[in-house]
Amino acid sequence: MNNSPVVHLKSLRTFCAFVATKLSYFAKSAQQSMKYSCQFICHTNPLFIQVTYFALISFAGYEALKVLNSQDKSNTLKDLDVLFTSVSASTVSSMATVEMEEFSSKQLWILAILMLIGSEVFTSILGLHFVRAKFNSENSFNRRDQISHVDIESINVTNFDPTASHGTKDGASFSEFHLANKQHVDPKTTALLGTAVTVYLLITNLGSSLLIYLYLKLVPDAQEVLKRKGIGLFLFSVFTAISSVANCGFTPVNENMIIFQKNSGLLLLIIPQILVGNTLFAPCLRFMVWSLQKITGKQEWSFILEHPKAIGYRHLMSTRKCAYLILTVVGFIILQTILFCSFEWSSEALQEMSSYQKIVGALFQSTNARHAGESIVDLSSISSAIIVLYTVMMYLPGYTSFLPNYDDRYSKDEKRYNRKGLLEDWILSQLSYLAIFVMLICITEREALTTDPLNFNVLSILFEVVSAYGNVGLSMGYSCKRLLKQDLRCKDASYGFAGRWSNEGKMILIIVMVFGRLKASNLKGGKAWKLR
């Protein structure tokens, strides 16, 4: 009896040792499983990663929007419209099937988060983290001091150049450590670049929010517009800033920027926000890296500037490419502004504006037509020539540029293309996919095309599809006044033309938005098809 406590104590110790051994084994197994999962994610098909990411955030946003109550208790949003809006925000498309003021303040914050994490700059940061994860996993297996530079296309999140070179022919000091044999990049350099892009994201969004907020506080008439609608200045400032920098195009008000068309100061503040978040992101990033190199003197910054291709980051371009990109972007804006003023100067849409306000408004509209989607006019009221011009502008990718005698990548692309096998032969061009989408929507909306031809016509459908594919968000809308037979039940709304489509048409447009957000994976599609 006296030995009973001792026996129990020994049994307890044996049990504890057994449990500790099992827990240790379980922890090691879990660690190995996580390692292999990370390796699988990093090495799997890039398109699969991209689709998974946008699907997850879109459905998460959909659930969050459904949980939160809408602003109008009597107006319950349809599930498909909520999903459509969530996908539109996460793909920064700003296509709308419901009016923005139907969402509560909490729902608007959810949309702001979706726009932020779906933006080009944010997803590029995720891509850089995938780079580091892949480098670290390879380093743990190979036990090397340096990590081989790998094809960043295999782990990109819509932001890495599939045609990026794996080396460079430029000589450089510091290459013994960072680019040994033109095939190695120090992961610390990638981490440093990721930090710089993160700071860039914070500065642009916080700075833009502050500027808009200060403008609203200093300009009473702009402030009064929001007070009448019951929208807080802070919410409007942050939401609009995130939307502008992300090039989404959503605003918390139904009329978008039409109600601020006379507030030229606000429009001038938003224009650079739109440019630094997309079309001029690459030149701005290079200027930031150059500034950091001058201030800190770190050799890592010099390496990034001298070897942008070795880094493989799509938004990191050479000085020459940045210069051509800036000239192209500015040229497109000037061209659109001149044509817009020529055709619309005396139009009804601008009749209450002064000459200065018209010029600023034309500049703002031209900047948005490329990728952002905010608007100061009702597009259904402008000339068909401008509609066609905007359709072309929306189709062009953000980094479209004119590069005379600058084709140093084509031979390498052809070699890579030829190695990918017969599967590439079946990939169509972007124009082919657009044609397919337009035909499908014409099929789903064939009844409306017959009974309501002034609203439902091929041009308006094409404009909507290209806008969704380009993740722009401009829309010609729908007008009850254009009905051949007047319907008293028809009420005009400020949401886009897609809001009047059938459920099948909306589902197709959801696919178009996601497909357009991933179009960087198919910029070289259709090469096997020869037209002679």
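Any Cβ shown, glycine's included, is placed from N, Cα and C.
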Stretch carrying transmembrane segment according to TrEMBL (options 48-71, 456-479): 456-479
For the transmembrane segment (456-479), distant same-chain residues with Cβ under 8 A (at least six beyond the ends): 88, 91-96, 247-250, 368-375, 378-380, 384, 387, 390-391, 394-396, 430, 433-434, 437-438, 441-442, 445, 448-449, 492-500, 509, 512-513, 515-517, 519
Tertiary contacts of the transmembrane segment (382-402) (same chain, 6+ residues out, Cβ under 8 Å): 120, 247, 278-279, 281-282, 321, 324-325, 327-329, 331-332, 336, 339-340, 343-344, 347, 349, 369-371, 430, 434, 459, 462-463, 466-467, 469-470, 472, 474, 476, 519-520, 523
Residue numbers, six or more beyond the limits of the transmembrane segment (108-131), whose CB comes under 8 Å of its CB atoms: 41-42, 49, 53-54, 57-58, 61, 64-65, 68, 85-86, 89-92, 100, 150, 152, 155-160, 187, 190-191, 193-194, 197-198, 200-201, 204-205, 235, 238-239, 242-243, 245-248, 250, 252, 277-278, 281, 312-315, 398, 517
